[in-house]
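Features reported for this protein in TrEMBL:
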- 819-850: compositional bias 'Low complexity' (COMPBIAS)
- 112-340: domain 'Plant heme peroxidase family profile' (DOMAIN)
- 610-701: domain 'WSC' (DOMAIN)
- 724-815: domain 'WSC' (DOMAIN)
- 859-950: domain 'WSC' (DOMAIN)
- 971-1063: domain 'WSC' (DOMAIN)
- 550-604: region 'Disordered' (REGION)
- 819-855: region 'Disordered' (REGION)
């Protein structure tokens, strides 16, 4: 590949030209080595493989005290290769070591623990043998040694391939050593070189060689820098001051001084040459490459791999729920080793339509621009990551793309995949939103889209998955492949759905890879882990069509221009029509491309689907700004919210992960500065998703009057009757469970009529939270009448009807329905009815007194009204919500914490510190009454009624960090509250475990043998001997979550670890 440069940029162009001349042309993407390339070179940061986690730093002893993991990886490579027979062309580096771990020549735990780690990376495109070779490369580089050229393509053996005893042993004679190495293809000189290069790391251990190393000693290193790849092994031997236990000491008397036998085989000539550090480094690079390239004669290895300069990653097409466009997602990885990422302004991906032309459908241009959103690193390389997200009209489609890197000095480079463009076909697509995987059972439902012009071809699902071996001595799972015929389904536009189900065995379904094959086209090697646990229903209804050639983009006139929106470049005007109660929004986007400095810059994107950005708004006063449907998702994006609010006129995203729908914004909601909406979306850090009490609001561009479904006309109000049912009133849910427990469903088209029809035959039906319907023959205990004004959410399918609210049902009943006891309620100004409820308890009297900001809630006192933090909760300990929230119940829930706060009437939060960005505001702003006591105040939107206690003056009775934790013979002392490490890293990275019954004692026992253990997020446990980069001490009160298995102990918090270390007496 040869980048094309503009005439500006003599400096960058010169550097890149030099790189090209040095032979750094990328392979043509995709390549069979792509999986291994990422495992080996993209180690930490965004998308990092973490393959070097337990060998970095070089002295990492992940397998136990005294055991340098890097040394064990290096020797694993030799022991797997030692079966090579150069005369027969058999054995060699083929992964057969996994079947040979119980042999006497493979003693010690190091081989098994090494293979256990590699097992996490085994797949159909990353063989164990290639991973062992990669482990040699990684262990040498981690310890400062040379970069061993790494070829790929090794094939795993399916059984032990050689008899025991082929690996040289200390007791062998010098002649036997030479014969063994000759059999492997190594000369006498190469034998000496390989032993020296292999023994520059690590030690000899008494557990494997008790007659060489005394048990009391434990282990003796080969040289004085056992955790450094250098020539001290040779220098100290030649200088006769070595302590190498295989050259001097006890081994001599019992004829097990193997290194002496080897080094002295040519009168120490070769070992003397290795005292030159340059010679040693170059020699080791050559001889170790020969070692890992010793493979069966039937195997052909690739050329040495190197990291791509530009590499597409995780590129995926998904048909939107309307059925008119694809969402293209993924990222472009740019190598920045020679030319820093800070020089890059942006990356532009430009695609060709499905016919290879330039049609963009309804778009004005077939390209999307991305700015840097994170980095990744390897041993020798750095990478900048550019997330891709583009909407591609289904009428035009896509066949390939190119990548242009634009730099700050005005220069640019075009990357075209060695003249081929980067292929991305829309002929066959794994439709991930309609597919799902239950990881607990392995039950997979795969849905694919096949373009109609392929005809009636067979469509197959190929599942590659891992199954643990029956032999427990073998820690490496087998790679299995199953092929399942897919069943033809509905035709949607120019595509047809195909579906297949399969149960993935082995208990590791999350590691499976999925491939769709149809008519010579494929969508291959998709991660099963990208699928959710629920298959979403496709709601689009485009008519079935044939595939037609896309029209030229020159004839398409776009009605709008889409660019990144910022507060300085966007003009938004919004007018409200009182007749329709909906907003008409016009948006003008700046046509000037904004300049990026390479720093991640999330935007208030517009448009999104059929919606345009309006403004940043507050929540309503005591009500939601958008009162239709609502949901929350830990992977929230603007596109996800838009999809779920399809059919509504407006939607908004709030607090990073919440989505609200509606047909109008409540009058008490007001416009806020765009800078207030500053929290990025939980599922896409390049998008803004509101903030605390702030929504990014979007409005439809569709003309609703042309909809196939007539817009209801009339006035919003209560309906006295719905079919045979009569209006009862607004009703709460039950104390435990649902008020109506007969049946129920939810729909974005909910109306009173549809719910009544669904509940036909039941005595009661009720609608709740705009889109939910419940049926029953009686009301369960604790369900009581509520003020009619509480049921203030309109129906998702009819904005002129009310459908309850949160924890409130719009209740209807068949005439004559009754039950054992009754109570009366007035249903407002229009209707009165008698509600009958079943209950065995006596009625609870309403609280008496005066509404006030209660000054004390023992042992807490009122501290004031506080805002939430900027991008964080004010109180980060723990939280809960309840429809019967009171100050007392929140205080009880937060017992042991310094602070508790109630918010938005029914929410409760605890913590030992207040976030630094939380502000004390006027007490009058905490104006919402508690859902469980109308005479108490419980905050408001983005406002907490905050209470504080003086823990210092109290006798400790709540959760604590015990000063010491004892397990077996090990005593641990509390060390610090620590943050997690930099993105992609762990503070303690050696081992980890999670348990819903976690205690400090359990975590300590799990981490026996390590220096530190840390408990995080209540249920997670991490072990290590050193802290990852970026992990720093935090205020101890921030480790405020109790252990899931012991409420009297603290187990860290989100991004915080309660860390203990071994107590040294």
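Cβ atoms here come from the backbone N, Cα and C positions, even for glycine.
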Take the domain 'WSC' (724-815) and count its residues per DSSP category (helix H/G/I, strand E/B, coil), listing them in that order.
10 helix, 38 strand, 44 coil
For the domain 'WSC' (971-1063), what are the DSSP-based totals of helix, strand and coil residues?
10 helix, 40 strand, 43 coil
Quick one: average pLDDT across the domain 'WSC' (610-701), no decimals.
83
On the DSSP side of things, how many residues of the domain 'WSC' (610-701) fall into helix, strand and coil, could you say?
10 helix, 38 strand, 44 coil
